[in-house]
């Protein structure tokens, strides 16, 4: 009798649990099927709206790289000369990225401090500064760059302004997340001795958050190098515009394009590796 | 003596402290000085002093005026004498000859255009007369030797630009330009005209109230189609604002981001196991896969886009695959780092119950890495919407293409501002959706990849 009274609820629990597991499995299965179907339908749609089809293009995917490598090999004697020739354009691209990261980070520090609870100079305006950062972050760089190219003409300045604008928003959001974790006691201490807002931020907050700021800024620099190469391609200066000329149909010089590819690839790999090395050092201490 | 015994040497400590202070002072002044020097170098390298010369402020003014206003062109073909009135000078916005707006009037052989503010332009046969209050009558005659400009006494004001082949007058009220073959007067109006219906639609120029009453009334404006259906179709097929193409373009851009991100996740996930030290015993495999990830990331989206567009042509598929390839590299690195950080205790626990390798991974590993992977994928989805806009501008697809086209034609700036607003809304929506999903699925996290 005792066994029966205990056994029945245990069986109930077991049955209920199994039913729940079953249901969960069915739900996950449905979600998975829907996801895969969406993906397949999406690729199909993208394929049908593309100028060239996927399957016919797949066989030609190595044609362009092969042609490029072939021409680069045939003119391999010109490679060092080409590398030297496009180096100034590469420097310009890196300069665009570096300046926009620096200026963007300065704006981001201000914006993030102004939009963090407990630190803000004008607490009522926190929402305004946050929305401003959202808008700055959401606007793709290419939009600002294209409009500025119309006004200022080609060259590095439109790209610089466009990337700075975006960087200020993107870094500002990350910086304000860092600020939220900062200890407020030093700030209170500084307030008690009558420090101004700038002094409180500079002496009370900056020493706590600087390593994280620096780490995010390094990562942003890497992203910005890529962005400035792309913006060059749509009309701003730097190595992107040289690449556009080098690969254009008919008049293209593939040996030059190969040199630019090599320069871009090496730059990005070097920056990627050094920035991840220093970021590990800054944040994790090894 | 006691001091020496405990190893405390005041002189040395002082020296260390002084050294530290010196270093700190050096950093505190040196770093800003280096940054300042760098800014000075860039100031000249980017030729910022020469920028003021190159900047086209007149372009900026046109851009700004066009974003919130539209112009109506009154143009006359000087050979045939025909006059047409059209919004933005486009065929789709042309007024019928008997239905001109009331500020353009025929007066015998002449056409009289009121530009507002008392400024009146007359297109007479052989001459154009522009009456500017406070300045006087400007008349522009077409002769066999070219265009002759007659103005009141005094120097030519800077809003008149004249040569013997072309005269253009730029006033706040509008613009007038005269060449041998063509005379044109533009008048500015606030707002985006014909945003809902073009002039060939029966609903053009109706107020909201009229439209609402038409929508509920039974009389069919266009026989065989309900009024609401006709309105929707006229709006959707509006040829001036091309709402249909714009919606498709936005959808294509989001599609590129979605396919690229999800595809990259599916490719990178199995590869990440092969690149993680605790799942892949073979050094060679690990090394190979990691270098593959580095390669995919290092080649960069721009180069992938160029290579793929040569094979697949312009369109959303090319954009998706470019995002897929680049992000496979980024995801592979992030996922394999997450896999290397899993806690072995759960896996050992499963092993003790006799679970095999697949079961250990399914129940011991995936639950640990799923939140990290999901949050990264969602962050990338949002940032890839932005990338897809840029890639669209390069390969030709989505809203990026429409934007570049509209900017390159340099006249439809109101369309440019429309597209910019839509892009902003699209990215913000993706941001909100991905943030909401992240919160629902894993709770609050900080951005792992800092995008």
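Cβ coordinates are placed from backbone N, Cα and C, and glycine is handled just like the others.
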Which range of B:301-325, B:326-350, B:351-375 is transmembrane segment, per TrEMBL: B:301-325
Contact check, the transmembrane segment (B:419-437) vs the transmembrane segment (B:301-325), 3+ Cβ pairs under 8 Å, seq sep 6+: no
For the transmembrane segment (B:26-46), distant same-chain residues with Cβ under 8 A (at least six beyond the ends): none
Non-local residues, at least 6 beyond the ends, that sit with Cβ under 8 Å of the transmembrane segment (B:388-407): 245-246, 249-250, 252-254, 256-257, 260, 301-302, 305-306, 308-309, 314-316, 318-319, 322-323, 413, 415-416, 419-420, 422-423, 426-427
